[in-house]
Amino acid sequence: MGLFDKIFGSYSDREVKRITPIVDKIDSLGPEMEKLSDEELKQKTFEFKDRYAKGESLDDMLPEAFAVCREASTRVLGMKHYREQLIGGIVLHQGRIAEMKTGEGKTLVATLPVYLNAIAGKGVHVITVNDYLATRDKEWMGQLYEFLGLTTGVIVHGLTNDQRREAYNADITYGTNNEFGFDYLRDNMVIYKEERVQRPLHYCIVDEVDSILIDEARTPLIISGAGSKSTDLYKIADFFVKKLREEEDYTIDEKAHAAMLTDKGVAEAEKAFGIENYADANNMELQHHITQALKANYVMKRDKDYMVKDDEIAIVDEFTGRLMEGRRYSDGLHQAIEAKEGVKVQRESKTLATITFQNYFRMYTKLAGMTGTALTEETEFREIYGLDVVVIPTHRPVQRQDHSDLVFKTAKGKYDAIVEEIIETHKTGQPVLVGTTSIEKSEYLSSLLKKKGVPHKVLNARYHEQEAEIVSHAGELGNITIATNMAGRGTDIKLGEGVLEVGGLKIIGTERHESRRIDNQLRGRSGRQGDKGHSRFYISLEDDLMRIFGSEKLQAVVDRLGLEETEAIESKMVTKSIENAQKKVEGNNFDIRKTLLGYDDVMNKQREVIYKQRSQVLEGENLEDSVQAMIEDVITNAVQAHLGNIDEDDFEKELGDLIKYLEDIMLPHGKFTVEELKTNSNEEITRKFIECAREIYKEKEEFVGSEQMREIERVIILRVVDTKWMDHIDDMDHLKQGIGLRAYKQQDPIQAYQMEGSAMFDEMINNIKIDTVRYLFHVKVEAEKPQRERVAKETGASHGGDSQEIKKKPVKKEPKVGRNDLCPCGSGKKYKSCCGREVV
């Protein structure tokens, strides 16, 4: 503790002192609440809602609302909030992190701010670390909320959309971070707004906040799917375009860096693939593959734009001539080049949507958290989430004795000493909880105890219900429990009869974790609510932490002392050396998380733009103005690309290319000629093209009707946006992986990622406009309402290695080609003897 803290108290001390008058006010309202009948107490909720609707703030209502909740808890649950718990509740309401020691009743504390914030009617989310705790807390605390006239719901794996929607529409919703995050992503993939399940993210309390916002922050949530692209279609499209003839079947626009089918080429495609209208929106996928195959074969040049290296396609940087490691062409072009060059076409599971917890939780209007251990990570909470940490005083003084670490030369010596200590302690009847850093080490220690005939239970974080049951008995006389550090977290260990007389629960740590916070959590399992207890860590110089980060000075001391295998040293210098090693690791991990957030923030801004655009489409906003703006942008950009800053000698050729390019997208063939337009200015040409396009679009709308046209616009925009966004996610991922491999002289990799990622995003937005306009002008207008379809089906939702497979198989839109059917490439051979040969 620094001199300032000694004189003025710590930050937490000062904050608690500032909050104390509010606690006094809540206390003073107690007698008044006790006089109310059950019905009168419940009516208070409706009174608060009415006052809130009339403009009174939640802060103003806090003392009275907390007093109501406290009295209801006493009646329904038989538990009255202590003053310290009221302090914790106020801190949580203020959108901060409350550090409360194990056994101080965090679950009960949360009821106070949850009740108060539920009055706003915008939904309160309570996040727990597993489904078991979410269900337990909902059923347990739900009694209190329902008594007060509020509804509760729980989100667990396996619910239907309707069940999820009902749970989210409740005043208070419990669930895990994974479930809430995945539902957010799925809501931004729906094709009808009625399919959404979540409401806007309002107020959230994260239990075990350090575990969720720090330990799990590095691994993103990913929803994956088979996508609509299969590698065989790239090969078939490649085979088809290789037979085409330049000028007759396709033309090359060098300025636009593109190749397009002529009318004859379109007819060839319709014949080869057995379709009536190549330009129909239902053939979007086929058009995409053929367009990219044309570009790969006739625009992209080997050893200029790319090289074939180790049977892979490597992009050549057009400015430096160097290979751009890790970078792939976007929009399926890379796969098209792979098909062209006969190397393996990379088949990847498509990322349909992804987000990190860091960015998901920062979307809440107000975020709060509670845990037994947060102070060591206070800097990270403040820098990344804007949350400060307030340490809440314990109801009773902590009586647990934390003994100095014992350091052994070898792991064998350490484990022998641990087994000996467990046996000696067991003779007294004192319960022992042994914390390990991995399942493997738990099982190793268990095998040593079995050899000695010592009865014990092993707990690994696999079965949450069973976990809670075993942990709840870990404090009974004579019980020995071995657990990985995180196992059973969230369940209190209550001491059995006669345990205090033998010294309370003894904690043995088998090695120091790389984070001091995890060590503190293990210690905190003992000494709850002022109980007696003991804790000690056993360490060897062969432990991972000591081996990788331990100081050479400590190793030298041990060597100088000439310790035997079973001998240990115990000193303040040793403990300080270990803490310094932990601080090194913590600092390193924080830097990694901050760097990843720097990358993800780029993607996050792009995600917000796309999701907002999708939402506007779904909400039924009039899209007519947006479509007209897209038409203007596509024409204006095309005119600028072809006719801006060119030599007079090239003007007529470029004008001809421009007309062909826009005829392919929206203008009627033969409507404009070079002869007619060559004397016009660029502005006049642009105006004529726009007027013509608008007239055609107006005629199309008059034919089909405005309502039908708006739905066609919705269907096509959703389909194009989703297709392009999924490809863009992949492209950004490849960019992130490759950017670290490239040498940027005096350039920050994150800055480079921001710049390139921004350029890629702008390109994607431009491609969305071009494709949307193309499909709208070529769509085959029918009397029946167009059907919205998902671009890709979800096949899995994963956070790190935790994959939740969805049983439904992805539905592919394209008709399946039988092995004995004619090959759709148009060769006249059977599929199995042609393009089907290489398809696995």
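Placed from the backbone N, Cα and C atoms, the Cβ positions cover glycine too.
In Swiss-Prot, the ATP site is described by GLY103, GLU104, GLY105, LYS106, THR107, ASP492, and among GLN85, GLN94 the residue recorded at this site is GLN85.
If you count neighbouring Cβ atoms within 10 Å for each of the binding-site residues GLU104, ASP492, the highest count belongs to GLU104. Within 10 Å of the Cβ of LYS106 (ATP binding site) there are 23 other Cβ atoms, across all protein chains.
The Cβ centroid of GLN85, GLY103, GLU104, GLY105, LYS106, THR107, ASP492 marks the ATP site; residues of that chain outside this set whose Cβ lies within 8 Å of it are MET100, THR102, LEU108, VAL109, given in sequence order. THR107 (ATP binding site): 18 other CB atoms within 10 A of its CB, across all protein chains. GLY105 (ATP binding site) is surrounded by 19 other CB atoms, counting those within 10 A of its CB over all protein chains shown.
Of all Cα pairs drawn from GLN85, GLY103, GLU104, GLY105, LYS106, THR107, ASP492, which the record names as binding ATP, the longest spans 16 Å. Shown in sequence order, GLU104, GLY105, LEU108, VAL109, LEU112, HIS395 are the residues of the chain, 6+ apart in sequence, with a C-beta less than 8 angstroms from the C-beta of GLN85 (ATP binding site).
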